[in-house]
Amino acid sequence: MYDSRHGKDAESAEEDGFPLIDLDDDGSMERDMEIGDISLYVDVLADNADFLNKNSENEYTHPEFNAEVDMENPTFKLGMCFSNAKEFREAVRNHAIKNGRKVRFVKNKPNKLRAVCSEGCDWLIYASKVQREHTLQVKTFNSVHTCNRTLQVPQISTKWLANKYCDRLRNNPTWPGASMKKTMEFENVLKLSRTMVYRARAISMSMITGNEEEQFWMLRSYCQALLDANPGSTCIIKTEQCQDQFKFRGVYICLDALRRGFVEGCRRFVGFDGCHLSSGYKGILLAAVGVDGNNQMYPFAWAIVGQETYKTWHWFISLIAEDLGITDPENSKYWTFLCDKQKGLVQALAHLMPEAEHRFCLRHLYENFKLHHRGVELKKLLWKAAMATRVCDFDLAMAQLKAVDEKAYDWLSQRPPVQWSKSYFRTNSKCDISLNNWCESFNKSIIDARDKPIITMLETIRAQLMERIHKQRDGMTKYTGVICPNIQKILDLQKQFSVSWIPTWNGEDEFELSGPYGDKRVVNIRHRSCSCRRWDISGIPCCHAVAALIYIREEPEKWVHTSFSKKTFMQIYSHVVHVVDSKDMWPAREPLLPPDVPKQVGRKKKQRTKSVNETTDRNLKTRKKKVVQEPVGTKLKRQNTTITCGKCGGLGHNRYHCKNPTVELVAAASAPIDFMVASCSQDVVESTPLDPTC
C-alpha cells in the first residue's frame with residue numbers, strides 16, 4: 001500500500017520509530033490485519049497519545065510583552081512576562097492613560113510591584129521577579145474596572161507627553177502651544193494644563209536639539225572633529241580659567257572652503273553685523289559676510305560671544321585679518337568694510353584697519369536721521385545726496401537740503417560723507433554697496449538656528465552653507481551667459497539708458513558724450529573710467545560707457561570687471577565643505593563650563609524688540625505693527641498726529657476738554673497788578689471771580 005504523504009509504501013514507512021498504520025474510511029483497521037497484531041497496535045496508539053500529551057504541556061509558554069508593538073495599547077494577561085520593572089511601570093502607565101483610570105502603585109520595588117485603581121474599583125495587577133531569572137512576571141491580575149472613566153489621570157506627566165510628541169515637534173518646530181494643547185487633549189481624551197503642555201514642549205525641543213549645558217561640555221570635541229573633517233580651517237575657543245576648569249567666553253569659526261572661495265574670487269569688501277541669540281545662554285553671533293560675483297551674500301566667518309563690546313569685536317576682526325592675510329595695517333587700504341555702527345565695532349575697525357575704507361549702512365543712518373527730522377522731502381534729499389556719484393551732485397543735494405531744513409542739514413553735515421555718500425567712495429573695491437542688506441539676509445537665513453544649543457546651531461549653519469555651495473554652483477552651471485545674471489540685468493538697464501547719449505570719439509581711448517539738457521560726460525575705455533564715476537566705483541559700465549562701446553562695436557559684457565564673470569563665480573564655489581561625523585566618533589577633549597548667564601523670569605523671548613522707526617507705536621509695552629486701512633469717504637481721518645490744545649497749548653487734548661488755565665491767565669499772573677487788569681480779556685474776567693485787590 002502506498003502512502004501519498006510520504007511517497008513510499010506504508011508497510012515499510014516509519015516516523016519517529018513508530019509504524020504508520022492506515023485505517024479504513026470508517027476508522028477501523030484494514031481487514032487483512034492479523035488478530036495477533038491488534039494488541040500491539042493498541043499499545044502503540046497509547047504510547048503515541050502519551051507522547052503527544054507530554055509535548056503539548058511543554059509547548060505552552062507564558063506570553064511575553066513586546067514593548068515595540070504592545071506599549072501603545074498594552075493588554076495584560078496572567079503570567080505575562082516583562083523584561084524589567086521599568087517596562088512594567090511604563091505599560092501600566094500607558095494602560096491608565098489610554099483608558100482614563102486613576103491607577104497608582106501601592107508597592108513599587110525593583111522585584112515586586114502592585115498597582116491598583118481608584119477606591120472601590122476591583123482592578124488589580126501584581127508582578128514579581130521570577131526566581132533565578134531576570135524576568136518580571138504577572139502573578140495576580142484582575143482585569144475588570146468597576147470605576148468610571150476620568151479626564152484627570154495622575155499617571156500622565158510632561159515627560160510622557162514629550163516622548164510621545166517628540167517626532168511631531170521635530171517635523172513642525174513652530175507648532176503653536178494652543179494647537180498642541182488641543183491635539184493632546186483630543187487624542188488622549190484628557191484635560192491638560194497650559195503649564196504641563198509648555199513644559200512638555202520644552203522637554204521635546206531639548207530632546208530634539210540637545211541639552212545646552214552638555215553641548216558646552218562637548219564643544220572642544222566638536223571643534224576638533226570639525227578641524228579633522230575640514231583641514232586648514234580655523235576654530236578658536238576663547239575661555240576663562242575658573243579654578244581647575246575653563247569657562248566658555250567665545251568661539252570663532254572660519255571654514256577653509258569658504259575662506260579660499262572668498263580670497264580667490266570675491267571683491268575686497270566685507271560687511272560686519274551681529275544678531276542676538278535666543279537660546280538659554282543668550283549671547284551674540286558676530287558674522288563677516290562678503291559679496292560674490294552675482295552680488296549675493298557670501299558668509300565666510302562667524303563667532304559666538306557673550307556680549308557685543310569693543311573687546312569682542314576686536315578679537316573677532318583680528319582673527320579675520322589673520323585668515324585673510326591682512327597682517328600689515330598698510331595692506332588694509334585696499335579693503336572696504338561696511339557696518340551698522342554696532343557697539344565697539346567702529347572703534348575696533350579704526351584701531352585694526354586704520355587705512356581701510358569704512359562705510360556705514362545708509363538705512364541705519366536714515367533711521368537716526370528720521371528721529372529728529374521727518375518728512376518725505378527730507379528723505380528724498382538725503383537719499384539723493386547719498387546716491388550721488390559726483391561731488392558736484394552731492395553739494396547740490398546738500399544745498400537743497402539746507403534750503404528746506406537747516407537743522408537737518410547741520411545734523412547730516414556732522415557725518416563725514418566718505419562714510420555714506422557714493423561721491424566719496426574709493427574705486428579699488430569695485431563695489432558701490434551702501435546698505436548692509438547682505439548681513440541682514442544672513443541673519444535672517446539662520447533665524448531657525450539662533451534658538452538652538454551652541455553645537456546644534458553651529459552644525460545647522462555649517463550644513464546650510466555646505467548645501468548652499470553646491471546649489472549655487474549647480475545653478476550657475478546651467479547658465480549660458482558670460483557674466484553673472486544679476487550683473488547682466490544691471491548692464492541691460494544701462495543699455496536702455498545709453499540711447500539718450502551721443503558719443504564723439506577722439507580716435508584713441510576717449511569719448512565725449514552729449515546727453516539731454518546739454519549734459520556732457522567723458523569716458524576713457526583704457527582706464528575703464530567715466531566722469532560720472534559709476535564705472536569706476538562699481539566695475540560695471542555705466543550708460544555713458546555703454547554708448548561709447550557700442551559706438552566702436554564692442555560688446556559691453558567684455559568690459560565688465562572680472563569679479564562678475566561666470567568663471568570667477570565658479571571658482572568661488574569650487575571648494576567643498578566636508579561633513580562632520582556623529583558625536584559618538586568625536587575625539588575626547590576636556591569639558592568646558594557654560595558661561596554665567598542670570599536666568600530671567602518668565603517665558604523665553606523669541607522675537608526681537610523692533611526699533612521705533614519700524615513701527616508706528618512708540619510705547620515699548622504695546623508695540624505692535626499697526627495696519628493702515630484704505631481711507632473711506634471724502635475726508636481723511638487723523639493718523640499718527642498729536643492734538644494741540646488751543647487754550648493752554650498742551651499736547652494730547654483739545655480746548656473743550658482742557659482743565660489747565662489759559663495762556664493769557666498764566667501770563668497775567670506773573671505781570672504787575674495794574675497791567676493784569678488792563679490785559680485781562682473779557683471772557684477770562686467773566687469766567688473767573690474778580691480779585692478785590694484789582
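Here the Cβ of each residue, glycine as well, is placed from N, Cα and C on the backbone.
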Next on the checklist: Among the residue ranges 1-23, 231-253, 323-345, 461-483, I'd like the one that TrEMBL describes as region 'Disordered'.
Outcome noted: 1-23
Checklist entry - How does the model score the domain 'SWIM-type' (521-553) in terms of mean pLDDT? => result 95
Next on the checklist: Can you break down the domain 'SWIM-type' (521-553) into helix, strand and coil residue counts using DSSP?
Outcome noted: 14 helix, 6 strand, 13 coil
